[in-house]
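Structure record follows, encoded as structure tokens.
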Amino acid sequence: MAGPWPLLRSILRNCVAGTLVGVTVNDRYASVVTVRGTSMNPTLEPQQGDRALVSRLCLDARYGLSRGDVVVFRSPTEHRSLVVKRLIALPGDWIQVPAAQEIRQIPVGHCWVEGDNPDVSWDSRSYGPIPLGLMQGRVTHIVWPPNRIGPVERKMPEGRH
């Protein structure tokens with residue numbers, strides 16, 4: 001009698017394989033993030049428990065990031081935190097800083113991000129251009145709750161064209 005070992009070995013092998021596939025997909029292709037804070041209202045609503053699908057394919061030069069994308073990046077001031085904002089300007093772009101009446105050129109390897117709810121958003125207006133190396137991906141869809149499932153629109157805020 002073989003005992004429970006063949007069954008246990010099969011279950012363990014499947015768990016390890018599933019974990020490796022899950023980690024690879026999360027690291028290279030896509031992940032789901034929970035939205036916190038109100039800086040991206042009304043696009044993303046943390047009060048509704050929004051969960052967003054983040055595509056990492058945009059980090060490959062072939063796919064790239066575009067102005068108006070909603071992006072996820074590591075906070076430039078607290079590297080353990082992920083932040084969700086809208087991409088306003090790319091390297092080499094000139095941008096007028098709201099409220100400062102200042103025009104700046106975005107340095108090579110950096111971008112400018114802003115929240116859709118400027119009154120409560122801590123973004124590039126506070127800490128300046130962020131390094132592209134902090135980018136984690138582009139938000140493509142809201143995947144939870146069910147009544148909000150759908151694509152996230154790529155758009156520039158009014159007056160930021």
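Including glycine, each Cβ sits where the backbone N, Cα and C put it.
Keep in mind that what you see is a predicted model, and the values were worked out from it rather than measured.
Per TrEMBL, signal peptide is recorded for 1-17. The domain 'Peptidase S26' annotation in TrEMBL covers 14-98, 99-144. According to TrEMBL, the active site annotation covers S39, K85.
There are 24 other CB atoms within 10 A of the CB of K85 (active site), with all protein chains counted.
In the predicted model, residues of the domain 'Peptidase S26' (14-98) average a pLDDT of 82. Of all the Cβ atoms in the protein chains shown, 23 others lie within 10 Å of the Cβ of S39 (active site).
Rounded to a whole value, the Cα-Cα separation of S39 (active site) and K85 (active site) is 8 Å.
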